[in-house]
Number of protein chains: 4
Amino acid sequence: MKKYNKVVLAYSGGLDTSVIIPWLKENYGCEVIAVVGNVGQKSELEGLEEKALKTGASKIYIEDLTEEFVNDYIFPTIQAGAIYEGKYLLGTSFARPLIGKRMVEIAKKEGADAICHGCTGKGNDQVRFELAIKAFAPEMPIIAPWRIWDIKSREEEIAYALEKKVPIKISYETNYSKDMNLWHLSHEGLDLEDPNNEPNYEKILELSTTLEKAPDKATYITLSFEKGIPVALNGVKMDGVKLLEELNKLGGENAIGITDMVENRLVGMKSRGVYETPGGTILYKAHKDLEELCLDKETAHYKEQVALKFADIVYNGLWFTSLREALHSFVLKTQETVTGEVKLKLYKGNVVNAGMTSPYSLYSEEYATFGEDAVYDQKDSAGFVNLFGLPIVVHAKMNAKIKSEEK
Amino acid sequence: MKKYNKVVLAYSGGLDTSVIIPWLKENYGCEVIAVVGNVGQKSELEGLEEKALKTGASKIYIEDLTEEFVNDYIFPTIQAGAIYEGKYLLGTSFARPLIGKRMVEIAKKEGADAICHGCTGKGNDQVRFELAIKAFAPEMPIIAPWRIWDIKSREEEIAYALEKKVPIKISYETNYSKDMNLWHLSHEGLDLEDPNNEPNYEKILELSTTLEKAPDKATYITLSFEKGIPVALNGVKMDGVKLLEELNKLGGENAIGITDMVENRLVGMKSRGVYETPGGTILYKAHKDLEELCLDKETAHYKEQVALKFADIVYNGLWFTSLREALHSFVLKTQETVTGEVKLKLYKGNVVNAGMTSPYSLYSEEYATFGEDAVYDQKDSAGFVNLFGLPIVVHAKMNAKIKSEEK
Amino acid sequence: MKKYNKVVLAYSGGLDTSVIIPWLKENYGCEVIAVVGNVGQKSELEGLEEKALKTGASKIYIEDLTEEFVNDYIFPTIQAGAIYEGKYLLGTSFARPLIGKRMVEIAKKEGADAICHGCTGKGNDQVRFELAIKAFAPEMPIIAPWRIWDIKSREEEIAYALEKKVPIKISYETNYSKDMNLWHLSHEGLDLEDPNNEPNYEKILELSTTLEKAPDKATYITLSFEKGIPVALNGVKMDGVKLLEELNKLGGENAIGITDMVENRLVGMKSRGVYETPGGTILYKAHKDLEELCLDKETAHYKEQVALKFADIVYNGLWFTSLREALHSFVLKTQETVTGEVKLKLYKGNVVNAGMTSPYSLYSEEYATFGEDAVYDQKDSAGFVNLFGLPIVVHAKMNAKIKSEEK
Amino acid sequence: MKKYNKVVLAYSGGLDTSVIIPWLKENYGCEVIAVVGNVGQKSELEGLEEKALKTGASKIYIEDLTEEFVNDYIFPTIQAGAIYEGKYLLGTSFARPLIGKRMVEIAKKEGADAICHGCTGKGNDQVRFELAIKAFAPEMPIIAPWRIWDIKSREEEIAYALEKKVPIKISYETNYSKDMNLWHLSHEGLDLEDPNNEPNYEKILELSTTLEKAPDKATYITLSFEKGIPVALNGVKMDGVKLLEELNKLGGENAIGITDMVENRLVGMKSRGVYETPGGTILYKAHKDLEELCLDKETAHYKEQVALKFADIVYNGLWFTSLREALHSFVLKTQETVTGEVKLKLYKGNVVNAGMTSPYSLYSEEYATFGEDAVYDQKDSAGFVNLFGLPIVVHAKMNAKIKSEEK
């Protein structure tokens with residue numbers, strides 16, 4: 001095995017990345033620098049420094065990435081309206097590139113000669129991490145222990161942890177595989193691995209209550225957007241992180257944004273997961289509704305296609321690519337008039353539009369009304385239908401000619 | 001004005017099409033044959049024959065189109081997964097072509113020399129009707145009174161009705177503009193014309209109860225699909241019409257499928273409507289979920305794009321076109337393996353997947369599991385990531401070269 | 001007929017727009033201001049002022065739009081790579097909006113109360129002109145004589161011209177319908193109206209020689225691009241107008257860019273035309289080739305789709321729309337690295353790449369070579385193929401399982 | 001190394017696959033069965049049996065796949081109009097899956113326990129071969145010597161060949177890397193590896209003459225299509241293989257279909273190649289032209305998008321996938337009326353349309369003519385433009401309102 005002097009490790013404090021520290025030292029003879037990207041995983045952050053050092057890391061960086069996460073990753077994706085396979089709001093997908101980018105910055109600053117992550121070889125996250133690393137340090141060696149070591153099960157992992165005196169609460173009880181950040185919480189594994197099992201939401205949900213336990217009384221909120229970016233809640237201006245925290249609370253209480261899906265991973269297989277995205281679901285809904293007022297049809301319809309591609313790109317870890325940037329330019333241009341207020345009713349899993357306004361509204365009551373109006377000449381419709389339908393007429397006449405010749 | 005001998009009229013028995021009968025006779029000196037296409041509008045059908053004849057029609061056809069509607073229009077659109085602007089399940093859009101086609105058949109049988117409809121000149125339905133007529137009778141004259149007559153308001157319409165002794169319950173009370181069939185009920189107009197007004201669902205809803213009044217206990221159902229077509233409910237095989245009626249009842253009781261949107265009409269303006277599609281919403285959800293199991297990623301993703309186009313085509317009344325047929329061929333091929341059972345929980349506006357199975361499932365627990373497995377070599381991932389990420393590496397190196405040369 | 005005080009007319013000096021001047025005065029009692037947008041139609045511009053005034057116009061504007069045409073309309077369309085229906089380089093399509101925009105500016109300056117154009121009611125140009133006018137003066141009345149007057153043939157037109165003493169060389173000999181500007185020359189009508197007639201190129205071509213008469217010796221040129229914009233020919237920097245003129249000469253001499261097609265008009269019918277676009281064809285080819293070096297695969301492939309939409313938008317006269325602007329933003333972002341030199345061989349209708357370089361080239365000989373290399377580990381391919389092919393394996397196994405169960 | 005009893009080898013008789021025979025026997029202790037898929041590579045097929053047996057193969061299959069190649073792979077791709085990156089007609093891409101499929105059939109018949117191919121680890125063909133194998137034998141081991149053996153250069157390969165007494169004419173002179181079949185001949189490597197080198201066509205071309213040497217007199221031909229399939233040349237019905245051979249001869253003589261491009265490989269890097277596709281280029285041109293007559297606009301435009309995807313799929317070796325089949329269903333439906341005759345002029349690299357007819361033509365002289373007509377009411381255009389442009393009016397009015405409020 002190749003030797004390294006200093007390896008930067010994407011560290012979470014969980015069993016996997018804790019075990020990796022002694023493993024790296026043993027196998028590469030290297031110093032290990034733990035890096036934690038705080039993207040809002042909250043309670044998981046407590047006591048990390050002590051734990052990392054006790055486990056053998058020489059240093060730990062705990063980087064607050066929440067603001068960058070919200071402004072540069074989450075909001076552009078909301079503006080794009082990107083949803084993967086009709087359901088997944090990309091919570092893990094766009095966090096990985098950000099963390100990967102910071103890993104490279106720290107590795108360069110520290111003069112590290114390799115970067116290590118604890119992702120499994122079967123998932124998307126290895127790709128997302130590594131593509132971000134390649135984008136900023138194309139020749140940096142990447143170590144992915146799960147793809148190379150001999151540890152093949154939780155039991156073996158715990159045994160190794162005990163042997164290396166890793167200071168971790170050993171629990172043989174298994175749990176769902178989770179990923180938490182300011183945007184969402186995902187759950188995979190265990191009984192969810194059979195798509196025929198109804199999720200036990202009582203047991204699974206952490207950010208949200210269940211549909212049944214959500215209050216019997218609706219909560220009304222108003223969101224303000226400027227150029228497609230949410231800037232205020234109930235008339236109070238606040239930064240993105242604060243806004244999302246508030247919406248997560250409100251959404252969670254009303255059981256908003258719980259999704260169960262079988263998705264297609266980038267690495268070729270399907271997997272099944274349950275996602276909680278309470279605040280995000282509210283934001284997507286409000287933003288989409290406001291676009292109904294502010295975008296013209298051609299733009300809105302083309303943007304639906306762009307959203308599909310944008311979602312694929314983000315899901316596949318291709319954040320730092322020319323195509324993502326070019327699509328972002330497209331989206332930004334469309335958002336120039338997506339400004340206004342959306343009132344929403346939150347009620348037992350439902351986000352219901354309760355009225356909206358925009359100074360850039362393209363909705364015109366005088367055109368839309370069934371009553372008399374001064375602006376729209378209904379006679380124009382006859383000409384429109386005749387020309388719009390001309391290809392159908394030409395086709396029908398061709399058919400008739402063919403049929404008459406066949407006789 | 002040109003004279004006609006016999007005009008076939010798309011008749012509903014409402015004020016508009018009732019007034020048209022004497023107007024046609026007066027202006028064209030023609031016999032009027034009323035045609036009602038029964039696409040499941042139910043109670044609106046009672047007493048129509050008597051009413052039409054009393055109003056001056058010489059004959060009435062009441063055509064039961066429900067079966068054709070479900071099998072040839074609704075089900076192919078579900079298979080396509082087509083949703084207009086992310087919300088509208090196309091309930092009115094695909095009913096019009098069917099009725100238009102039948103109008104032509106009757107006009108030809110009757111030797112009529114024109115076809116008339118009561119659609120306004122500001123809406124989509126005039127286009128949908130007329131394109132269907134053009135497809136089957138490209139040279140048939142079409143009369144659209146609202147685009148040509150002098151009647152400009154409800155008051156004038158009622159005055160004309162009274163003058164012509166049209167046997168209709170005259171009500172000066174206005175109501176939402178509605179379109180009802182087996183698939184949905186739409187509501188437009190009045191206070192809905194201001195997108196900032198929250199809909200008064202208590203007053204509006206007819207097929208559904210409100211979210212608040214839906215039962216506190218969930219309803220579980222199981223839907224069986226064969227090649228993308230729903231064929232059984234709770235294990236009981238039934239034809240499409242029966243199935244949809246059952247689902248409308250269950251969906252309506254649980255407040256499923258209530259949508260409020262500002263949509264882009266074909267004729268250039270935005271309009272705002274509330275749609276009730278209880279059974280349809282359940283079917284779309286179940287079908288989409290089952291496709292998650294049965295379609296591979298590339299097919300599923302491309303089909304998302306096709307669905308956007310399919311929705312536009314249906315919305316725009318282009319049902320009887322080569323492109324609609326070619327997209328249908330695409331869709332049919334994808335549906336060959338969309339067979340299986342989906343269990344759903346209906347609860348206060350939510351349709352929640354509660355487990356599903358398919359003999360054609362492409363989900364493989366052995367690939368997806370986090371645990372050890374015999375089938376997937378995690379080492380393959382390293383090569384995959386390296387090649388998948390190669391363009392990023394090349395790009396990063398080019399950038400680095402450019403930067404080093406700039407120095 | 002409504003009366004107007006002052007009408008601004010898009011004037012060319014040809015029979016049609018000459019006849020319109022007295023017709024406008026006669027029918028609307030208005031003053032007529034002629035506007036000529038010079039987009040490079042050359043010889044057609046001589047003597048226009050005198051002719052317009054003699055015909056009864058009170059004033060004429062001859063606006064030099066060539067620079068704006070090249071920089072703001074032609075070059076962005078080259079950057080987009082937009083080609084309508086695989087053949088048409090949009091020469092007329094993007095000239096109309098520019099002229100329409102200037103018409104509005106002049107109409108506003110002059111306080112005119114209507115704008116008039118001489119386009120037929122069967123073509124695309126009426127739409128392109130009028131959409132541009134609507135974009136900048138949404139309430140300005142538009143007069144399109146061909147859609148309303150009684151003149152129905154060339155003979156009637158000439159008779160009217162004689163009656164009104166229009167000073168025009170009267171010729172009963174018909175000619176192809178043509179549109180000429182700096183970018184192209186189009187030909188329609190006469191024998192071309194039957195798609196089974198081979199065009200008589202000897203008679204038709206004006207910008208180009210025929211394939212047969214083009215020189216037997218190739219011409220080599222080098223084009224330099226900066227961010228997707230051509231900036232130099234054979235190493236000599238020149239502005240866009242000059243560059244295009246030079247390329248038109250070189251292209252015309254070598255019979256480059258002659259296209260014969262049956263195209264789908266916006267207004268519902270097919271038409272057949274012959275286009276000469278000598279310089280433009282060279283520029284499209286050179287730009288596309290350079291993009292092969294400078295764009296990564298994902299960007300290039302998505303841009304192919306965007307190009308299709310961009311072409312539709314331009315063809316349909318939707319230049320001044322949000323979607324065109326948003327797609328332009330997308331394109332501009334992709335062009336940031338499309339800088340370099342392309343050498344081309346021009347020979348009897350062929351434009352052949354003869355070598356190219358770019359500082360931003362993503363082509364890497366070390367990756368591409370068949371020989372030994374230090375950068376690409378061929379073992380990575382095994383993993384790549386296995387994961388890329390995993391869905392096929394899963395599908396094949398599912399099929400095998402189904403088949404074995406059927407037995 | 002794992003041991004195999006019997007390995008089926010994709011054999012060409014060239015140095016690479018000749019060396020593989022002894023290498024397989026030495027390393028796996030296996031019997032080697034050589035399989036040659038005849039897809040029209042012609043002269044390369046002579047003496048193969050003797051050579052294979054002398055080199056150590058126990059058996060050789062020479063399979064005539066030409067008919068299947070043309071009918072099931074080439075023609076559907078022409079119908080789709082698929083062109084990779086605007087230039088490449090997919091000649092190698094769609095041959096590989098066919099050969100791979102036959103390999104599996106022979107492997108199964110022979111009871112072989114592995115399949116071997118001689119593709120490099122840097123190219124697309126390894127993927128195309130292996131995906132075909134996975135589609136029909138998902139668990140069949142695949143041996144790709146170039147990805148695993150120690151031979152790293154031509155010199156080492158020749159040394160190994162000499163050592164193993166491989167009966168091959170040893171030539172240290174290198175040549176372009178070529179792939180030849182009934183559809184095309186490709187050239188890569190040597191001086192072509194620098195995109196700034198103009199190809200030496202005199203030296204490279206084998207199927208075609210150079211532009212300069214092509215005759216000074218044009219060749220006229222007529223192609224007949226039925227449902228998008230070419231069925232006759234100059235009025236003489238012939239099968240696809242014969243037709244393609246004739247067209248290759250005619251195209252080659254007139255220097256048709258020579259392409260030079262930098263393409264994006266599936267495995268992440270760019271490569272540069274020269275392709276000769278004489279007959280294929282003629283067929284694509286004729287088919288595209290005929291579609292201009294026979295397809296309506298909406299179908300034609302959507303099909304342009306489908307063609308892009310189809311090309312990607314074929315290029316990437318995904319022939320045997322659900323999406324390819326579903327897109328094929330789409331295409332087939334569109335081809336039902338693509339029947340007719342296209343006359344073409346072949347002249348020094350140019351394929352020029354010289355007239356075409358179809359019983360299903362949607363071109364209508366009476367609609368297209370500039371002269372008076374009875375079928376198209378130009379007044380309809382006014383209504384069409386007004387409604388088509390309504391979104392622009394609404395947008396302009398919104399802008400004006402915003403501006404007036406800002407003051």
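Here the Cβ of each residue, glycine as well, is placed from N, Cα and C on the backbone.
In TrEMBL, annotation is done automatically, which means it is predicted and not curated.
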Of the candidates A:G118, A:G121, A:G123, A:G189, the one that TrEMBL places in the ATP site of A:A10, A:Y11, A:S12, A:G13, A:G14, A:L15, A:D16, A:T17, A:S18: A:G118
Residue in A:S171, A:S177 which TrEMBL records at the L-citrulline site where A:Y88, A:S93, A:N124, A:R128, A:S186, A:E263, A:Y275 also bind: A:S177
Inter-residue Cα distance where the pair is A:Y88 (L-citrulline binding site) and A:D16 (ATP binding site), in Å: 25
Shell of the L-aspartate site beyond A:T120, A:N124, A:D125, same chain only (C-beta within 8 angstroms of their C-beta centre): A:C119, A:K122, A:G123, A:Q126, A:V127, A:R128, A:R265, A:V267
Residue among binding-site residues A:A10, A:G14, A:S18, A:D125 with Cα closest to the Cα of A:Y88 (L-citrulline binding site): A:D125
Most crowded position, judged by CB atoms within 10 A, among A:S93, A:T120, A:N124, A:S177, A:S186 as binding-site residues: A:S93
Distance, A:A10 (ATP binding site) to A:S177 (L-citrulline binding site) (CA atoms, angstrom): 17
Segment confidence, the domain 'Arginosuccinate synthase-like N-terminal' (A:6-167), expressed as mean pLDDT: 95
Distance [Cα-Cα, Å, rounded] between A:S186 (L-citrulline binding site) and A:D125 (L-aspartate binding site): 13
Listed in sequence order, residues not in A:A10, A:Y11, A:S12, A:G13, A:G14, A:L15, A:D16, A:T17, A:S18, A:G118 with Cβ within 8 Å of the centre of the ATP site Cβ atoms: A:V19, A:I20
Farthest-apart CA atoms of A:A10, A:Y11, A:S12, A:G13, A:G14, A:L15, A:D16, A:T17, A:S18, A:G118, residues recorded for ATP, distance in Å: 13
Cα-Cα distance linking A:T120 (L-aspartate binding site) and A:R128 (L-citrulline binding site), given in Å to the nearest integer: 12
Entry from the binding-site residues list A:D16, A:D125 having the most other CB atoms no farther than 10 A: A:D125
Pairwise CA distance, A:G14 (ATP binding site) versus A:E263 (L-citrulline binding site), rounded so that it is a whole Å: 25
Longest CA-CA distance among A:Y88, A:S93, A:N124, A:R128, A:S177, A:S186, A:E263, A:Y275, per record bound to L-citrulline, angstrom: 19
Cβ neighbours within the same chain of A:Y275 (L-citrulline binding site) - under 8 Å, at least six residues apart: A:K87, A:Y88, A:L89, A:G91, A:H184, A:L185, A:S186, A:H187, A:G257, A:I258, A:T259, A:D260, A:M261
